[in-house]
Amino acid sequence: MSDNIISFDHVTFTYPDSPRPALSDLSFAIERGSWTALIGHNGSGKSTVSKLINGLLAPDDLDKSSITVDGVKLGADTVWEVREKVGIVFQNPDNQFVGATVSDDVAFGLENRAVPRPEMLKIVAQAVADVGMADYADSEPSNLSGGQKQRVAIAGILAVKPQVIILDESTSMLDPEGKEQILDLVRKIKEDNNLTVISITHDLEEAAGADQVLVLDDGQLLDQGKPEEIFPKVEMLKRIGLDIPFVYRLKQLLKERGIVLPDEIDDDEKLVQSLWQLNSKM
């Protein structure tokens, strides 16, 4: 039996003055310790999901729907308990900075939790080191690069020891190298701390590395499954305006020419190796 850390049960949410729901009767579950990618076009409801998970928003009718995080049903009396379990890294880290230095910013969440100062200093030093920013502990966040700022934002979340990290378009403003560095960092942190990661993105290359993919379209769950189950559905993804990852585009083109590669070919390295093996047999 799977251990689900997050579950949505028939969740509908409508923004004030909006003529239609942003989410409509949405149900899904996320397994503890997994990496889930939530994909969809702009306006599909992805970021609304992240705000509901963290209690920043509430479903239209809690009597007809429920959101559960780490065994706690989200409600007015449990919202702060849930928020301690979930950390969000947003698209623009500048909007999250509150401290004069990197260390001050990382300490902010601990101060709100009244963590004793000696313990706080140890936690901050460890969190800053874990994201490779120890040399910048006394720097002003405004002087950092985009990738460095995201590292500091991740350190601030890591310091308060959440169960879930949500990357809400967190790499969309970074160059390809910076993006991959941040994703590699989060993968390591996830494994070292047994965290659950939710990546909200329209970048399917990023989503290809997830354990599970949820596809949203106009506030509804269009499909879900492993990347190798979702990405071959080229027409569905094109219809909702998403670009297919290169590996899956090439596999589709080869398939149309009678060359079928194994399902487990899901990244560039495996693709190159498979093509070399195929070439050696010709």
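One-based numbering along the chain as shown.
A Cβ is built for glycine as well, from the same backbone N, Cα and C atoms used for every other residue.
What you see is a predicted model, and the numbers here were worked out from it, not measured in a lab.
Residues or ranges marked as domain 'ABC transporter' in Swiss-Prot: 6-243. Taken from Swiss-Prot, the feature ATP binding site applies to Gly40, His41, Asn42, Gly43, Ser44, Gly45, Lys46, Ser47, supported by sequence analysis.
Feature annotations (Swiss-Prot) mapped to structure.
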| residue | record | Cβ within 10 Å |
| --- | --- | --- |
| Gly40 | ATP binding site | 24 |
| His41 | ATP binding site | 15 |
| Asn42 | ATP binding site | 9 |
| Gly43 | ATP binding site | 13 |
| Ser44 | ATP binding site | 24 |
| Gly45 | ATP binding site | 23 |
| Lys46 | ATP binding site | 24 |
| Ser47 | ATP binding site | 20 |
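Close to the recorded ATP site, the chain also has Thr48, His202, Leu216: residues not among Gly40, His41, Asn42, Gly43, Ser44, Gly45, Lys46, Ser47 whose Cβ is within 8 Å of the site's Cβ mean position.
Summed and averaged per residue, pLDDT over the domain 'ABC transporter' (6-243) gives 90.
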